[in-house]
Amino acid sequence: MRDLAKYQGIIPAFYACYDENGKVSRERTKALALHLLKKGVKGVYVGGSSGECIYQGVQERKEILEAVMEVAKGKMTVIAHVACNNTADSCELAAHAESLGVDAIASIPPIYFRLPDHAIAQYWNDISAAAPNTDFIIYNIPQLAGVALTLPLFKEMLKNPRVVGVKNSSMPVQDIQMFKMAGGEDHVVFNGPDEQLISGLAMGADGGIGGTYGVMPELYIKMFDLCKAGDYTTARNIQNDVDKIIYAMCECKGNLYAVMKEIIKLREGLDIGSVRKPLAALVPEDAPQVNKCKVMIDEAIAKYC
Ligand SMILES: CC(=O)N[C@@H]([C@@H](O)[C@H](O)[C@H](O)CO)[C@@H](O)CC(=O)C(=O)O
């Protein structure tokens, strides 16, 4: 049996930390990693959707992971999303991640072209083979990647002994149950949609990886602990308040990641820049709504934590 305890908890998707010129900032990346470490999260998921990986080059993604590992290695779980829109670059990032000693690598399926399952499996197995000593996590996020992980494809991937589980960001909670049942107790499934973390945990998710965890980690840690203690009533109260905050953040004209970075600056005094085009930066008229969301987070943490 694998030691899966390192995956069982709240793992924020790490944000891209840029300087004033929109370049990757090692110092700001290290500052965010230290900030999340101090908040007591289980680990970080680096280079995913919330990390704006799609808009970064291979060298930039290596720089970000190196900076995170300088702070996090040996202190919290680090999962590195290494997928690029071609196999060669993905394998380069996978090998680099393994050389740094990450706990796991992860990958979306190939994007843009619609590929048959055997080609998707080959893509994932090639990436996994580039990091032969590292756990591999399938990243199922059909609403963004444009292709869904099917049960037959998952069963095919389970033949790869490095496959440790699925980060499931699809909205049907049933997908978590389906992949957990297929993988069994020797594999993990992460809940991806933050709006239904407690539902995913109830259906068998071992932990959660989420894009809004980083702006209010205290609330997700509390929900996780309450669910593990069987207090789903209180957990649901927190989930409802968290969802109100997510909906409120999504009302801004600026992209959600830009909103959350601004809230972190307002609440924690930590400046990690804005978002990279073509993602939309905040506009001046977003300021009142951003501040409203900050207050909602302050109040929820004061109420529950
Ligand atoms: C579609 C999407 O982006 N889903 C997010 C959620 O955390 C999402 O941001 C949250 O539920 C708010 O809608 C994650 O599942 C993905 C994620 O955290 C990441 O890879 O950064």
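Even glycines carry a Cβ here, placed using N, Cα and C.
Around Y139 (active site, proton donor/acceptor), taking its Cβ as the centre, 27 other Cβ atoms fall within 10 Å, counting all chains. Under the heading active site, proton donor/acceptor, TrEMBL lists Y139.
The annotation active site, schiff-base intermediate with substrate is assigned in TrEMBL to K167. Note: K167 (active site, schiff-base intermediate with substrate) has non-local neighbours Y45, I79, A106, I137, I138, Y139, N140, I141, F190, G192, I209, i.e. same-chain residues 6+ apart with C-beta under 8 A of its own C-beta.
What TrEMBL records for I209 is pyruvate binding site.
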Among all the protein chains here, how many other CB atoms are within 10 A of the CB of I209 (pyruvate binding site)?
29
